[in-house]
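Over in TrEMBL, the protein carries these features:
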DOMAIN    39-288  domain 'G-protein coupled receptors family 1 profile'
TRANSMEM  24-49  transmembrane segment
TRANSMEM  100-119  transmembrane segment
TRANSMEM  140-161  transmembrane segment
TRANSMEM  195-224  transmembrane segment
TRANSMEM  236-258  transmembrane segment
TRANSMEM  270-290  transmembrane segment
Amino acid sequence: MMFYKVTFQFLLLELPIQPECRNLFYALFLAMYLTTILGNLLIIVLILLDTHLHTPMYLFLSKKLSFSDLCFSSVTIPELLQNTQSQDPSIPYAGCLTKIHFFLFFGELGNFILVAMAYDRYVAICFSLHYTIISPKLCLSLVVLSWVVTMFYSLLHILLIPRLSFCADNVIPHCFCEISALLKLACSDTHVNELVLFIIAGTVVFIPFLLILVSHVCIVSSILKVSSARGIHKAFSTCGSHLSVVSLFYGTVIDLYLCPSAKKSTVKDTIMALMYTVVTPMLNPFIYSLRNRDIKGALGRVLCKKKIPFSV
């Protein structure tokens with residue numbers, strides 16, 4: 001039996017945690033979400049207030065990464081928090097599609113911004129004399145291109161979902177609305193959706209991942225040729241932290257979307273999804289910006305300005 005989609009509701013799967021631990025996990029997820037929000041807001045505010053950060057790298061790239069991370073986490077974590085405490089984890093059909101659209105859009109937007117930032121660092125370190133090519137116009141073009149591509153990517157999936165039919169089983173095997181989990185519920189042919197998901201997701205995920213890896217290899221290779229032991233240690237520390245977060249994000253995404261397997265467990269999929277939807281947006285502000293000397297200097301200058309009126 002098929003249902004009328006406008007009034008159809010899905011039920012989200014509860015997190016695989018014991019009832020007595022729900023409050024603990026609720027507090028943990030809330031703390032991680034607040035850390036993500038405050039960390040990314042701090043970066044955006046610092047870039048807006050401090051003129052020393054009004055460079056293409058910060059105005060067009062770091063700020064946009066913080067914005068995409070802030071929105072990406074806000075698509076899933078509030079719903080996760082609500083379902084942790086709610087006795088009715090239901091979501092309407094239209095609401096689920098809206099969640100999937102913004103989930104795909106902001107997830108891929110952050111993906112492309114990471115590539116642009118990797119390219120910026122690659123040019124700055126390997127071709128420092130030519131760094132002027134990273135102009136505001138180029139950075140703005142990269143941001144606009146990323147918005148257009150991610151909008152096309154998310155809308156394509158959303159436009160393909162209404163062609164599917166859903167039957168009596170309305171329990172999404174996931175803790176939030178997610179496209180691959182939703183396709184498992186369809187009682188009509190999903191080959192077109194799965195093919196588009198595999199081909200396009202592979203293109204917009206795997207290729208950026210390779211570009212980021214190549215840029216970091218080139219950066220390390222360039223630094224090894226000219227730097228001191230202290231500089232080499234700092235370079236490996238910075239690149240290592242970047243690559244660890246990048247690998248966590250892309251590794252879980254590639255395994256979930258590009259390596260389908262009938263033997264995968266729902267618990268494993270849920271844990272991996274939490275890694276790239278909760279953990280990486282929280283780590284990005286610390287790895288990419290708050291450890292940065294320019295951001296630390298801007299924070300110091302902003303705090304000093306606030307203290308001046310009180311010391312006069």
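Note that Cβ sites are derived from N, Cα and C of the backbone, with glycine treated the same way.
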Confidence summary for the domain 'G-protein coupled receptors family 1 profile' (39-288), mean pLDDT rounded: 82
Intrachain neighbours beyond the transmembrane segment (24-49), with Cβ under 8 angstroms and 6 or more residues off its ends: 15, 17, 58-59, 62-63, 66-67, 69-70, 73-74, 77-78, 80-81, 84-85, 278-279, 281-282, 284-286, 289-290, 295, 298-299, 302
